[in-house]
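**Student:** First the structure, then my questions, so here it is.
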Amino acid sequence: MKIGLVKANFPGERRVPLLPKDIKDFKNEILVEEGFGKFLDIDDQEYSDKGCHILSRAEVFAESEAIFSLKLIQPTDYYHLREGQMIIGWTHPFGSGQSFMKEQALPKKLIVVDLDSNSPCIYYENEIFESGIPKGLLYKNSFYAGYAGVLDALLQYGLIPTEETKIAILGSGNVAQGAFSSISKYSSNIRMYYRKTMSIFKENYTKYDIIINGIEIGKDDDPILSFSEQKSLKKGTLIIDVAADAGNTIEGSHFTSIDAPIYENAGKYYYVVPNTPSLIYRNVSQELSKILSENIFRKDCSRFIEKVKPLNK
């Protein structure tokens, strides 16, 4: 199968998900956009030496049966997408990718292979199929999201925590673990809350100086911090949403970017950057390339089409 890799044009994105050193025994033909590895100083020739075809962005879209885009494909590229094409990457169908699914995936009958760490699935014509991709495959990327996001938020806010700084972390998954690993180097005054202990957090949330969210709630779930609860927070409270569940877990919050990571509202400060692993792209690219090579690129990606064949007749 012909798989095209395009440079992510998502704001601030620098990760390179496939490195030449990991290209070996691929069952797919790889088409790479010119300058794909520039953030890691990788020349096009290094990809060409591994058997990849180097093309312009438009040519990659036109000639590929599947497009791999690490982050959500942006509206500027919508016109490139053609009916029945496969899209592989983090598409967040129920989150930031809802408009993409509605405006592109459904009308163009795209086969969307979403690489969600907890539940990688295939989305096609309003149906969801098992992808066969192992769950938790990209857990290190989630860990780095929490780790790097917390560091960046603290520096952008202008504060290194001390033992006097009261810190709450919501969640127990990979993102929350990364957040704890990062912030615990500066303070031990940290309380972690899980879904089962959220009632205790609700009793104490106004005491905290920093609240770090590592939970992504369901589309029909109530927010963990409602509008009214946010009003009760101390002036200057920093809310770091490293799960980047904008508008959901923290009601009314909105995405920020690496270039403008924090906004203030009613004396509270919000950090909701959706691609924090890109802050440490040199580390993350190494991890991603190895895992994606073994589990996505090396195996014939036409296997994903087989999964949706009952509807694709």
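Glycine residues also receive a Cβ, built from the backbone N, Cα and C atoms like all the rest.
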**Student:** For the pyruvate site that Swiss-Prot describes with Lys71, His92, which of these is also annotated: Arg15, Arg57, Arg191?
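**Tutor:** Between Arg15, Arg57, Arg191, Swiss-Prot records just one in the pyruvate site with Lys71, His92, namely Arg15.
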**Student:** Within 10 Å of each Cβ, count the other Cβ atoms, then let me know which of the binding-site residues Arg15, Lys71 comes out lowest.
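**Tutor:** Among the binding-site residues Arg15, Lys71, the lowest count of other Cβ atoms within 10 Å belongs to Lys71.
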**Student:** Between Asn174 (NADP(+) binding site) and His92 (pyruvate binding site), what C-alpha distance do you get in Å?
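**Tutor:** Pair distance, Cα basis, whole Å: 17 Å.
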**Student:** An 8 Å radius from the center of the Gly171, Ser172, Gly173, Asn174, Val175, Ala176 Cβ atoms defines the neighbourhood of the NADP(+) site; name the other residues of that chain inside it, in order.
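**Tutor:** Surrounding the site, in chain order, are Ser142, Gly146, Gln177, Gly178, Ala179, Gly214, Ile215, Ala243.
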**Student:** Can you tell me the three-state DSSP label for Ala176 (NADP(+) binding site)?
**Tutor:** helix
**Student:** Out of Arg15, Lys71, His92, which of these binding-site residues is nearest Gly171 (NADP(+) binding site) by C-alpha distance?
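**Tutor:** Closest recorded candidate to Gly171 (NADP(+) binding site) by Cα: His92.
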**Student:** Measure between the Cα atoms of every pair in Arg15, Lys71, His92, the residues the record assigns to pyruvate, and report the largest value in Å, rounded to a whole number.
**Tutor:** 18
**Student:** Cβ within 8 angstroms of the Cβ centroid of Arg15, Lys71, His92: which residues besides those meet this for the pyruvate site?
**Tutor:** Ala8, Phe10, Glu13, Ser69, Leu70, Leu72, Gly89, Trp90, Pro274, Asn275
